[in-house]
Structure formats: C-alpha cells, structure tokens
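In what follows, a single structure is set out as structure tokens and then discussed.
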Amino acid sequence: MKKWLMVQGTTSDAGKSVLVAGLCRVLARRGIQVCPFKPQNMALNSAVTPDGGEIGRAQAVQAQACGIAPSVHMNPVLLKPNSDTGAQVILQGRALSNMEANAYHDYKKVAMDTVMDSFQRLQQEYEAIMIEGAGSPAEINLRENDIANMGFAEKADVPVIIVADIDRGGVFAHLYGTLALLSESEQARVKGFVINRFRGDIGLLQSGLDWLEQKTGKPVIGVLPYLHGFDLEAEDAIAAQQNLSADRQLRVAVPVFTRISNHTDFDPLRLNPNIDFRYVGQGESLSGADLIILPGSKSTRADLAYLRSQGWDKEILRHLRLGGKVMGICGGFQMLGEWVHDPLGIEGEAGSSEGLGLFAMQTELTAEKRLTNVKGHLTLDGQTVAAQGYEIHAGHSSWAADQKSPIILSDGSLDGLVSDCNQGFGTYLHGIFDRPETALRICQWAGAKEIEAYDHRAAQERAIDRIADAIEQHLDLTLLWPDL
C-alpha cells in the first residue's frame, strides 16, 4: 500500500522538518522505500544534489534519514531571499530568475506544474513519500495559488497531519484555530494532530487532549517529548544553542549577516564540546575570538556594507594585528579580497565594493551559478588532509599565480587562498567542516593544538535515530497506516 503523508505545522519552527526526518527513518527501518518531499522551501541553507542541482538542506538531511541520495525532485521549488521583498527562484535545482514577491505570487500557478511533475516522478519510484509543508496552512493572505501547504495537498490528494510546538505555549489555540481556518475539504484531509516538545507529566495534559479531540473530531496521534540536547540542522533560522565556555580549546566567532547563507556549515564547530562557539549579531562585538569566520552570503556586497556598518571590519583588522586568524567561506571569502564587482546587477544595484584586502583577489559576480560537490586535499601549515564540500556561488575570483591555494581538488583545480602572513584562509567550499580530520586541521591552524576531532555525520545519525525512536514510542502510527 502506498503511503503518502503531509506534515503541516501551526507555525514556522513547529517541528515539521524534524518530524518528517524521523518518519522517514521509521519507515526506512522497516524496509520501505521512502523519500522526502517539500513542494516549496524558502531558505538560504541549501545543498547540492549528485547531479548538480540545488535544494533545501532540510530535504538533504531527510534523504539521509531515508538512506538515499538527495534529488532535485525532493524540493522542486526553492526560494532564496536576496532582499526583504525578493528572492531567487530555483526550479528543480536550477536558478530561474530573481522575482519580487508580487510577481512570484502570480507565477505560483506555473510553479505548481513543476511541483506536480516532481511529485509524480517520486510516486513512480517510491513506496512512501513524507511531505513537509511550509509555515502554516492557515495564512489567509497566502491561500490564493498556494503550492506549499493545502493547495498542494488538495491537488495531490494526500492526507495531512498538523504539528504544534507546545513549548511555545498556546498549543490548543494553535491547533484548534488552524483547523478552523481551513475549508471543509481541507479539514476532511486532516487525519490528526501531533504535539511536539512536551515537558513534564503527560497526565496533566490529558484533559486538554480530550477536549481537542472532542471539539475537532480529530485524534491526537501522539505527544513527542522535549528532547534535551537534541540538535538537527535548522532549516533556516540560526540555531539558538551555542557552545560558550571559558575553558575550551578554541574560541570561534561568526558574524551574522543580513543574508547569511548555509550557516549549517558551522554546526560541526558549534556542537563540538572542545570549541567555544558564538554567533555575533547586530550591535555585538567579535572581540575575544581566536578565529573569526565570515560566512556565506546571498548578497555579498550588501552584507559587506552591513559588516562595515557594524564596525566589524575594524575589529577584524585589529584581530589580525594581534595575531588572530580569519577565515572566509564562499561570500565571506569574496569579502576578504580587494574588490567585489557586480557589473550586471546580479545581487542588486550594479557596481563594485571594496573588500577587506586580506587577499590580493578580485571577484566578479556572474549570472552563471556554480553548483557541484567536490573532493580533494587541504594543506595548512605543511600538513595535508582529505577535504570535501560543495560549491554554490555565482561569480569567479582571480588572483596572482604566486599566491598559495591550500586546496587541490580531485580534478586538479585549485580552491581558496592562504594569506602570506598565514593568518587568513578562504575557500569556496561549503561543508568543509563536515569531515572530522578537515575540521581538526583548520582548528589546529587556528591555534587549538590539543583539540579532539568531532564526527558531525555520526552525531547527525544519532539525532535522526533519536527522533525516530521517540516517534516509535510516542506516536500511534496505526492511526495513519493500519497495516504498518
């Protein structure tokens, strides 16, 4: 029997992504061929598929939970915001164009055809598809032409469960109100509710569960407990959990840009118990770090201006004068050069922005985006380790032949730079910290001589298994699939 199920939420960050990942692992454990699917994702955290397409990182993690490679059809529409009112539209892994919100609202009727094409392809290949909604299905202003929630569920004729985060408070109002704002046909599609992140005695919640079931006629499929210390890649929001301690081997600071992209790059550092890691927000100081890392950006020139508005440029230069280390990834790497040129207005108004000048490097943004998974070797301080990652960038950086590139890729090409003073290191590779030995080598270069390696992939697997175990224990899955 085919198993299609869509997980929608009462709010953003209700637990949809994690619940889908857990359900994928539960079904995969039973030998069921399962895959994830999200019709439309709005996120600056993206992944590269084996065939060179771009999808949301959440779907890549969910594919990992299934034990399969990610595909562009698992997230056929990806929106990458590049301003408060606009985004780059990516269809089936390929960039289409930049659109303002009003233009995209009209375009969604066309995008639905792409969504259905991808979904139907997956239906032919898999026994089960776990589908993730976006935000809330009860956003009245977004109901017209909806492709992310009930608009898709109705078109594809799939059942829905609604999840809410009780840790935020107001869970019964969220669930009851969300259901009430749906049409009759949409309400009929809802098979039940899941309450997420509950702390305390479940007996004290029972009267509320009984009331909800009586008022709505829908079952509460289960109540998932609050999993202390649980951490699985955030879909887009910066993770609140940070590693702050005075006795760590290395202190790392990452400034949060207005259009920061792929901040999941830093999860292997943020979760490493040997590292004091902090994100630095608006009005905060970078001081006190051993290593400052400039992250990726969807709008490099705009975020370079933002960096200067925060006074971080002066702090970075002072940090270098005092012997500290600075690293840049993708857009952050571009910022460390001399100039970033955007003659075509790829990221906004055409023009050029002066970089921080750590590298004698010029970057020109171009319409063509490079999307690829790569492997190679990284050499820092004369020691070489295996390295891998993925590139997602528009533009090309050039530098003099006598400058040192620390990364040699498997095709013989070079990536990144190390400054003459050995205090700066830049690379285009997202995910460079995912391999334990690579992260260890970079941390040692930054001054942490006795730091221990941290296996982020193994930690991800433990987190996926943990949520799957909680689902097995606390959800009545026979309410969804009697034959399971």
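Keep in mind that glycine also has a Cβ here, set from the backbone N, Cα and C atoms.
Per Swiss-Prot, these features apply:
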ACT_SITE  Cys330  active site, nucleophile
ACT_SITE  His430  active site
DOMAIN    249-438  domain 'GATase cobBQ-type'
Roughly how many angstrom lie between the C-alpha atoms of His430 (active site) and Cys330 (active site, nucleophile)?
7
Within 10 angstroms of the C-beta of the residue listed as 'active site', what count of other C-beta atoms is obtained when all protein chains are considered?
25
Test of understanding: give the count of other CB atoms lying within 10 angstroms of the CB of Cys330 (active site, nucleophile).
26
If I take every residue in the domain 'GATase cobBQ-type' (249-438) and average their pLDDT values, what number comes out?
96
